[in-house]
Amino acid sequence: MAKQMLLFSLAVLTISSLAIAYEPSPLQDFCVADSMSSARVNGLACKDPKMVQSNDFFFSGLHIAGNTSNAVGSSIKPVNVAQIPGLNTLGVAMVRLDFAPWGINPPHIHPRASEILTVLEGSLEVGFVTSNPENRLITMVLCKGDVFVFPVGLVHFQRNVGNGFAVAMAAFGSQNPGLIGISNAVFGSNLPIASDVLAKAFQVDKEIVEQIQLKF
């Protein structure tokens with residue numbers, strides 16, 4: 001486990017250097033997020049530096065397995081600026097991912113960050129799809145200690161292909177990478193996308209689309 005955590009730490013350092021291309025560099029030592037501020041900025045307003053404490057840069061709990069008893073068989077525990085206010089303006093975040101046997105992290109995108117993932121336990125099938133017109137699936141199976149990168153904004157997924165539980169850690173080049181689940185966004189939007197639009201897009205009957213929408 002120690003080797004895997006060292007590998008992941010190096011991955012975090014790598015992706016934090018890439019984050020500069022997407023988020024402005026800090027102009028001071030830190031800008032701890034002030035959750036009480038009503039100011040609207042690109043990011044979060046800064047707390048008074050004199051009020052900053054060590055807990056503003058701290059989070060505990062990534063050693064605890066997530067609850068995978070759900071429809072997709074996976075759990076995601078985020079560590080971003082919402083959990084660590086001190087991440088504000090620093091351009092990094094991470095998550096712990098737990099997978100039940102054959103559980104999935106459904107196809108999704110992160111609109112503001114690339115992702116680098118390493119497997120700590122088990123084996124995962126991972127992949128992403130390139131943009132139009134190729135729409136090429138790039139995929140492989142990762143084992144313990146393997147690392148894979150998902151480029152920013154591309155649809156990607158993970159699936160546990162083992163009979164035991166799997167655990168992975170992932171880092172992002174943004175304090176708030178964002179998450180758009182493909183099925184949730186398309187079939188569960190608020191307000192709903194017209195069923196005849198989706199039926200034509202997916203080349204299926206309108207009734208099938210309406211049945212799927214009811215599940216979201």
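Every residue number used here counts from 1 along the chain in the order it is shown.
Note that Cβ sites are derived from N, Cα and C of the backbone, with glycine treated the same way.
Going by TrEMBL, these are the annotated features:
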type	residues	note
SIGNAL	1-21	signal peptide
DISULFID	Cys31-Cys46	disulfide bond
DOMAIN	60-210	domain 'Cupin type-1'
BINDING	Asn105, His110, Glu115	oxalate binding site
BINDING	His108, His110, Glu115, His156	Mn(2+) binding site
Query raised in the report: Of Cys31, Cys46, His156, which recorded positions come within 10 Å of Asn105 (oxalate binding site), going by C-alpha to C-alpha distance?
Result: His156
Requested in this report: Specify all same-chain residues, apart from the site residues Asn105, His110, Glu115, whose Cβ lies within 8 angstroms of the center of the Cβ atoms of the oxalate site, ordered by sequence.
Outcome: Val95, His108, Ile109, Leu117, Phe150, His156, Ala170, Phe172, Pro177, Leu179
Query raised in the report: For Mn(2+), what surrounds His108, His110, Glu115, His156 with a Cβ no more than 8 Å from their Cβ centroid?
Result: Ile109, Phe128, Phe150, Leu154, Val155, Pro177, Leu179
**Report entry** Cβ packing number for His156 (Mn(2+) binding site), 10 Å threshold
**Finding:** 23
Query raised in the report: Cβ-Cβ under 8 Å from His110 (oxalate binding site), same chain, 6 or more residues apart: which ones?
Result: Phe150, Val152, Gly153, Phe172, Ser174, Pro177, Gly178, Leu179, Ile180
Report task. Compare the C-alpha of Cys31 (disulfide bond) with the C-alpha of each of the binding-site residues His108, Glu115, His156, and give the closest one. Result -> Glu115
Report summary line: Spacing of the two Cα atoms, Cys46 (disulfide bond) and Glu115 (oxalate binding site), in whole angstrom, works out to 26
Query raised in the report: What's the CA-CA gap between His108 (Mn(2+) binding site) and Glu115 (oxalate binding site) in angstrom, rounded?
Result: 12
Query raised in the report: Taking the disulfide-bonded residues one at a time (Cys31, Cys46), which has its Cβ surrounded by the most other Cβ atoms within 10 Å?
Result: Cys31
Query raised in the report: Over all shown protein chains, what is the count of other CB atoms within 10 A of the CB belonging to Asn105 (oxalate binding site)?
Result: 25
Report summary line: In this structure, the one of the binding-site residues His108, Glu115 whose CB has the fewest other CB atoms within 10 Å is His108
Report task. Write down the Cα-Cα distance for Glu115 (oxalate binding site) and His156 (Mn(2+) binding site), rounded and given in Å. Result -> 10
